[in-house]
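For reference, TrEMBL has these:
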type: TRANSMEM; residues: 20-43; note: transmembrane segment
type: DOMAIN; residues: 37-283; note: domain 'G-protein coupled receptors family 1 profile'
type: TRANSMEM; residues: 55-74; note: transmembrane segment
type: TRANSMEM; residues: 94-116; note: transmembrane segment
type: TRANSMEM; residues: 136-154; note: transmembrane segment
type: TRANSMEM; residues: 201-221; note: transmembrane segment
type: TRANSMEM; residues: 233-255; note: transmembrane segment
type: TRANSMEM; residues: 267-285; note: transmembrane segment
Amino acid sequence: NFSQVTEFILLGLSDARELQILFFAFFFLAYAMVLLGNILIIVTVKADPKLSSPMYFLLCNLSFIDICCTSVTSPRMLVDLLSQRKTIAFEDCIAQLFFLHFVGATEMFLLTVMAYDRYTAICKPLHYTAIMSRQVCWVLVSTCWAGGFLHSIVQTLLTIQLPFCGPNTIDNYFCDVPPVIRLACTDIHITEWLMASNSGLISLGCFLVLVTSYTFILVTVRVRFTEGHWKALSTCASHVMVVTLFFVPCIFIYLRPFSSFSSDKHICVIYTVFCPVMNPLIYTLRNNEVKASMWKLWQRCRF
């Protein structure tokens with residue numbers, strides 16, 4: 001694409017050396033929690049036959065996606081926090097952008113599927129087994145991955161066709177569409193609107209579907225005051241917490257022209273670091289079945 005830029009300089013979260021060391025300790029701990037927590041969920045679900053329902057199958061996939069999502073940005077960020085010169089090659093930057101949107105969009109679609117699973121379990125309990133069969137679950141998860149790939153390839157192709165011939169400083173700690181295309185040596189008005197309509201509408205559309213699903217769930221629970229429905233509602237409350245933390249920053253960042261606002265790197269921390277940390281905590285500490293299975297797994301490993 002006739003670009004003269006061979007590398008980008010990442011400004012990171014702060015220039016202060018003391019803050020960089022503090023950030024390194026915090027984000028290293030967060031990354032370790034993401035890896036250990038989500039791997040523990042995957043191992044627990046696979047080891048306990050009682051956790052074979054569609055909800056846990058989808059939770060297992062969410063844990064794998066969280067590991068992938070945080071691994072796209074966190075290792076590079078940790079290295080840069082200890083480096084004087086924070087540079088990334090042009091090809092590595094585009095690869096990071098591609099995989100971030102790949103797993104990010106896949107997680108959006110999967111969270112939507114998980115909301116549909118809860119809606120079916122609560123609002124149509126007699127048909128739940130037939131509707132959410134294992135085959136249907138595999139089809140839904142595969143569709144999520146395919147949708148994430150299609151979204152990401154569009155974003156990547158729109159980015160690499162831009163010429164980069166001047167400034168190469170990215171005011172962020174990773175390569176993302178908004179800060180990268182701001183550096184293009186051409187008019188990006190049409191490109192940024194195409195990208196905003198892609199990422200922004202996907203974020204907003206999935207969020208509206210989620211809100212609609214939980215609205216139906218709340219209406220159903222209000223009518224049926226059974227213990228099982230209240231238990232399902234508790235699970236949904238945790239899900240809503242994660243969904244809000246994940247979708248609201250994405251909608252704010254991507255559903256607008258990228259060049260009209262300054263850097264959003266501190267907001268990006270929410271969905272690249274905090275959400276992957278929150279998922280294993282919420283889905284284990286608020287779920288008695290998962291905690292019981294983890295305890296049995298621990299007892300088995302001890303002896």
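For all residues, glycine too, the Cβ spot is worked out from N, Cα and C.
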Per-residue pLDDT averaged over the domain 'G-protein coupled receptors family 1 profile' (37-283) comes to what? 84
Same chain, outside the transmembrane segment (94-116) by at least 6, Cβ under 8 Å from its Cβ: which residues? 55, 58-59, 61-62, 65-66, 68-69, 72-73, 76, 88, 140-141, 143-145, 147-149, 151-153, 155-156, 159-160, 174-177, 180, 199, 202-203, 206, 209-210, 213-214, 239, 242-243, 246-247, 250, 271-272
If one takes Cβ-Cβ under 8 Å and requires six or more residues beyond its ends, the residues near the transmembrane segment (136-154) are 54, 57-58, 61, 98-99, 101-110, 113, 198-199, 202
